[in-house]
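Copied from TrEMBL, the annotated features are:
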TRANSMEM  6-29  transmembrane segment
DOMAIN    20-292  domain 'G-protein coupled receptors family 1 profile'
TRANSMEM  41-64  transmembrane segment
TRANSMEM  84-107  transmembrane segment
TRANSMEM  128-152  transmembrane segment
TRANSMEM  172-198  transmembrane segment
TRANSMEM  237-261  transmembrane segment
TRANSMEM  273-295  transmembrane segment
Amino acid sequence: MDQLAVSSVFGVIASLAILGNLILTIMLVTKKAVFRQTYNVLIMNLAVCDVLTGVFLLVTPGYAIPPQSFPRLTGIGGKVFCRLVFSTYCIFVLGKASNATIMCIAIERWYAVVMPTKYKAKFGRRRIYGYIGLIWLSASITEIFELFITKLGSDGRCRWVTPFYGVTLENAFVVLHITITFYIPSVVTWASFGHIWIRLRQDPMRVYRDALRNFPGNSYYTVLSQSIHRNRTMQRVVRMCALAALFLTVCWLPIETFWILKKYQIVILTQDYYMGFSMLAFFSACVNPMLYCLANRTYRREVFRLCTRHSRVIPYESRDKGDQISLENLPGMKDCTNAVDSTN
């Protein structure tokens, strides 16, 4: 594959990832009514991952900029650059953090739909920040073997080297690492979304009985209103999050799978295929903002306002907001307020 074409594609992906996710991050931070929802905190963490992915696509040799275009490196700074950036350690830490964040979103949605009475205890504000810290820590640790596969050569260029622990252990680490950071999170994510979808597709009487069990002692109207509003709102939010998870899984599956096959020489493809798989994987970093805006009216409205400084309120959406306020004032809604999201 021509280097100019490779650089152009990665340059476009990086630019779109930075621009789109930066707008999304600013919107989430400035709109407190949106940001107070727990899953939006996780979505902002995913957006930050994608912004940084775009940045590192621009500074990592071999992606947006050809390796020969980088200046010669010297000293401690050059050694650090080779181990952290040239080795793709940083850029793949961001990819693993994205996968873990999607898994956390799926689990958060599972608690909101299936276990609403335990939602606040499991996903309070302090806990969610703790989960985010754990996501970044685990992503950094699981990629640590990348630090030993490059070094700075005497000519000032970064070189690929065999790690001190040998090729056999390196291949074993690759399999273990991809299983822990991609396959297991993907299985957990889709098991969670599958259970959520089954629960949300239940017949109305089943939903009503579940509401009676979770919120006993309320009037018929209160329980029924809670059930209908909660089921409708959850379907919208779950659909948006599941779309993001679908694209992330589909985009990363080829590069992760064929990299394992290559390491054990089961299937060895030409370099063009691996470059194409890399493009597909990092394309997921720029697609999420578009998905959110297409699947979510609130995101679409707030991003539009941020970009145009427009203050128009869409009547249809204000009607939904009015419904939410009236339901929140009903007896018994206090117990499930933290599980029912107002973002549609």
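Positions of Cβ are set from backbone N, Cα and C atoms, glycine also.
Small disclaimer: the values here were computed from a predicted structure and weren't measured.
Below 8 A, the CB atoms of the transmembrane segment (128-152) and the transmembrane segment (41-64) form 3+ pairs separated by six or more positions in the chain. On the 0 to 100 pLDDT scale, the domain 'G-protein coupled receptors family 1 profile' (20-292) averages 86 in this prediction.
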